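Enquirer: Submitted below is the structure of interest, expressed as structure tokens.
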């Protein structure tokens, strides 16, 4: 079971809710893949006006756990204010904390992230911290009270898959008891399987499903890939070798006459 701030979930795949062709397709993708958690931007709710309110009502009817996020924030003040508004709107202390440092790469501003996390933790929030694959940053986020760390594996929406598996593996090795979720950069089910094989606890993605030719089928594919990767990690994956090793042991040699 996936444990997030004391709450347990069966699914280790989380989905974003943006860019789907229609609400009906989003609903089917969630149901067919047995997703239990979706993330949604407060800015979508507020900027959308009446339409945003309708979307929130749509989410409530799905009877699913909502993880609000601070997507689109560039400063500590913006992120803190957005988180506080999200708590009022969604009635949850959960917040996926994102602070962007560069508008082109959408790379997290880890300095502002740590500062905002400290403020929000002192205000009672339970933070899911979207960050880079830097171990030192992850450790600092833990120091200020975060209990779920969400390293990216590649830039948001790029679909490139894990760039730095050594870095991701290092975070897992040094933080064995921390809940780690890969967030951003996943493009195909095999990427999700790799992330889970590294020992990560869950995967969060959006574009790879929302922009697929068949989002519902792709959501199912990702759900199965995440499950397979987790099972492989738990089973114990064979380490790669530089030389061939016979898979069938030879006891003696056949004698031909």
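For all residues, glycine too, the Cβ spot is worked out from N, Cα and C.
Remember, predicted model here, so these are calculated numbers, not experimental data.
Quick paste of what Swiss-Prot says about this protein:
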ACT_SITE  96  active site, schiff-base intermediate with DXP
BINDING   157, 184, 185, 206, 207  1-deoxy-D-xylulose 5-phosphate binding site
Enquirer: How many Å separate the two farthest-apart Cα atoms among the 1-deoxy-D-xylulose 5-phosphate-binding residues 157, 184, 185, 206, 207?
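Expert: Greatest Cα-Cα span of the listed binding residues: 9 Å.
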Enquirer: Work out how many Å separate residue 207 (1-deoxy-D-xylulose 5-phosphate binding site) and residue 96 (active site, schiff-base intermediate with DXP) at their Cα atoms, rounded off.
Expert: 17
Enquirer: How many Å lie between the Cα of residue 206 (1-deoxy-D-xylulose 5-phosphate binding site) and the Cα of residue 96 (active site, schiff-base intermediate with DXP)?
Expert: 14
Enquirer: Distance check, please: Cα of residue 157 (1-deoxy-D-xylulose 5-phosphate binding site) against Cα of the residue listed as 'active site, schiff-base intermediate with DXP', rounded to an integer number of angstrom.
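Expert: Approximately 17 Å lies between the Cα of residue 157 (1-deoxy-D-xylulose 5-phosphate binding site) and that of the residue listed as 'active site, schiff-base intermediate with DXP'.
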Enquirer: Given the recorded 1-deoxy-D-xylulose 5-phosphate site (157, 184, 185, 206, 207), which additional residues of the same chain have their Cβ within 8 Å of the Cβ centre, ordered by sequence?
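Expert: Other same-chain residues with Cβ inside the cutoff are 16, 154, 155, 156, 158, 159, 186, 187, 205, 208.
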Enquirer: Would you mind ranking the binding-site residues 157, 185 by how many other Cβ atoms sit within 10 Å of each Cβ and giving me the lowest?
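Expert: Minimum Cβ neighbour count within 10 Å, taken over the binding-site residues 157, 185, occurs at 157.
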Enquirer: Cα distance, residue 96 (active site, schiff-base intermediate with DXP) to residue 184 (1-deoxy-D-xylulose 5-phosphate binding site), nearest Å?
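Expert: The separation of the Cα atoms works out to 13 Å.
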Enquirer: Whole-number Å distance between the CA of the residue listed as 'active site, schiff-base intermediate with DXP' and the CA of residue 185 (1-deoxy-D-xylulose 5-phosphate binding site)?
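Expert: Rounded to the nearest whole number, the Cα-Cα distance is 16 Å.
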Enquirer: Let me make sure I understand the structure: which of the binding-site residues listed (206, 207) has the fewest other Cβ atoms within 10 A of its Cβ?
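Expert: Output over binding-site residues 206, 207: least Cβ neighbours within 10 Å is 207.
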Enquirer: Report, as a single number, how many Cβ atoms besides its own are within 10 Å of the Cβ of residue 96 (active site, schiff-base intermediate with DXP).
Expert: 25
Enquirer: Starting from the Cβ of residue 184 (1-deoxy-D-xylulose 5-phosphate binding site), draw a 10 Å sphere and report how many other Cβ atoms land inside it.
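Expert: Counting Cβ neighbours of residue 184 (1-deoxy-D-xylulose 5-phosphate binding site) within 10 Å gives 24.
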